[in-house]
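If you look up Swiss-Prot, you'll see M171, N172, A173, G174, K175, S176, S177, K359, S400, A401, K402 marked as GDP binding site. Per Swiss-Prot, domain 'Dynamin-type G' is recorded for 159-442, and the stated evidence type is sequence analysis. If you look up Swiss-Prot, you'll see 1-119 marked as region 'Assembly domain, required for tetramerization'. According to Swiss-Prot, the region 'G1 motif' annotation covers 169-176, on the basis of sequence analysis. The region 'G3 motif' feature in Swiss-Prot is assigned to 298-301. Residues or ranges marked as region 'G4 motif' by Swiss-Prot: 358-361. Per Swiss-Prot, the feature region 'Required for liposome binding but not for tetramerization' maps to 470-695.
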Amino acid sequence: MKELFQKIWQNELQFLNFDAKFQDKSKLDTAECAIILSVNKDNYERYFLLKEFQELCKKIDLRVDIFSMQNAQICILNLFKSGFISKQDLLKALKILEKISKNTEIFDFILQEKVQSIDQKALFQNDFKELNTINLELQKLSFDENLKSRLQKTLEKFQNLEFNIAITGVMNAGKSSLLNALLKEDFLGVSNIPETANLTVLSYGKSEEAKIYFWDKKEWQNILESSHFNADLKEFIDKLDKSVNIEDFIKDKPLIQNIALCELKNFSSAKNKISALIKKIEIKSHLEFLKNNISIVDTPGLDDVVVQREIVTNEYLRESDFLIHLMNASQSLTQKDADFLVHCLLNSRLSKFLIVLTKADLLSKKDLEEVIVYTKESLKSRLVDLDENLVEKIDFLCVSAKMASDFYKGLASKESLQKSGMQEFENYLFNELYAGEKSKIALRAYKKELHLELKNILSEYEMQNRLIKENKQGVSEENQKLLLELQKQNTLLKEAQDEISNSIAKLKNIDSGIDNLVLLLAKKLKERLIDEFKYLKNNAQKLNLSRILNIVDITTKDGINDILREIKFENIKKIEELKTNLSLKYDFLKDDFDNGFEGFKDGISKNIDSIFQSEKFALLRLKIEKLSNLKSDLYELETNLDTVIFDTFKEFKMSEILNSLNINGAFFEFLNDKLKHYEKNQKSKLESLEKVLQSLKNQDANILNSFEENLEKIEKLKQLEMGLLNAD
């Protein structure tokens, strides 16, 4: 490693400890690690001036100077060599940075370095086990039942952390076969649980059962409205109306039916007409794979005629922790695949996802590699006007579900399983989930909550010993002083409550003129479409409907994302400023305010993202598609587009929905919960203090003799605190 640093830093190389390691291994993601590694003697001055780079350094308490930068690079490389950073992901990130930073030496070093393989699932579970052990020890040391109960609830909350995997693909991509191989049992697509056209959520349950959720009247009305612009959907619904009494299933409030798994074939089979009335299906099973707190979302095929099912799918994709897209290796990249993948690359919050080439046993290794290259190049060509590097978010694996299933059924040897690619797929999946951002956030949040409770317990025992010690020395004034301190904090607490109420009342909901911005976006979309139609007419070119819809997608979604990003920034900025001011004024509340604040902000961001109505947008696409196919002159087309686009954009009602989120009210509830938590602790401390003072006054032998016991507990708590701070 020293030779590498001599190459990239030359005469700027500092005196360094090449065994240096980060105290917290999870503070930086792979992209941030790559940015720090790309700093060298030729570019460090430019990097140091960038505001974004300064913010990155601040995140890990790193000074912006040469020594600190080189030391951080050593820490990152040691993390990488220990197996905590994915080699493949780090190389991808460095490759993207090549355009702004020449990083050949560091790239080659990582490429050639042999790294340890880490079982991320085992590591994650071990980290949780350590924190659970600390939690149980704190429960033993707790001084009241309320605190013990809070710690137990915290343990259960994090113990039940769930991961959601979404599986997508066109019909016949092999979803059921792959899932059966993953579950190691023929569970889906068999007689009892047929292949379904509905979105199906599969999760762990002690008993096996299913829940059927039907569309409500409002949702069904949207489907009917969509059918006016889609001939296939109209024909489908007309046939359905003649064969099924729709009113039996479509109610004002969604009808939910609990059924046994064996009854599922009567509802969900793609051949069964009733399946069209079903919004989603939830299946509970005690399959071994699902015991890992993993839920699998099996989505309808991308070529589904019911647009609303696609909207429900997109809502689940937004909440998923990982996305797996299946493609039949023999059929390669279809138009539907390409459209979906480009949409995900442009809009998904996920940092990466996986394409699995199914039925891999039907092609040679060389042919499979060619399919991967072709898929990457095809996607890059679709992204040429945007960002080709987005393709680097995709990983590829080749799997034969049949070979794996044959082994699990006892029809093939272990060699068949090893050649199937199924074990690599399963290991990849566990590593991505358990080393992902959700896992890191959960561990950090758990540590923070435990540390807060530990400090409360520690302060209680220290306070008791201070009272006992001062009593022995005959300093009763000090005891009264301590009592007054607690009473004063109670007064300040009331003051803080009043100030929070007044501050929240003065806060304005920030919508950044959202309705005007949406109308400007509508104007931009109409102009882009008219420019495209004029170009086609002037050059006597045939209409490419896919390109028209691509313009609609990219213009609308990019514009909406920009608007929402600004709204999120402004709203989060105002609540951060208020929280900071309150923490400075009432410093005894700082830890409580910090606890859970990142999760609160994340929730606000997700709520703001959800205000864009996907159903209205889907209807807009159908209307534009129909207008595009009509043989009308440019003037008539422009008039019709103007009406359709502006009317639909007004229907988005984004300002109204944003106000209904009541962000200020939610922030008030967050702060109020923290005040209640602190108030409970203070009340408990005050009661304990008064009890101790009374016992001391009565010369109670038990309290007088508890000094040494408390010292042991204090020592134990300090050891637990060290364990908590060192826990990874």
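Just so you know, glycine gets a Cβ as well, placed from its N, Cα and C.
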Would you mind ranking the binding-site residues S177, S400 by how many other Cβ atoms sit within 10 Å of each Cβ and giving me the lowest? S177
Do you know the DSSP helix, strand and coil residue counts for the region 'Assembly domain, required for tetramerization' (1-119)? 70 helix, 0 strand, 49 coil
M171, A173: which of these binding-site residues has the highest Cβ count within 10 Å of its own Cβ? A173
CB neighbours of K402 (GDP binding site) within 10 A? 22
Which residues of the same chain, at least 6 positions away in sequence, have a Cβ lying under 8 Å from the Cβ of K175 (GDP binding site)? I167, G169, L188, D298, L326
Given that the record lists M171, N172, A173, G174, K175, S176, S177, K359, S400, A401, K402 as binding GDP, what is the largest C-alpha to C-alpha distance among them, in Å? 17
Summarise the region 'G1 motif' (169-176) by DSSP state, stating how many residues are helix, strand and coil. 2 helix, 0 strand, 6 coil
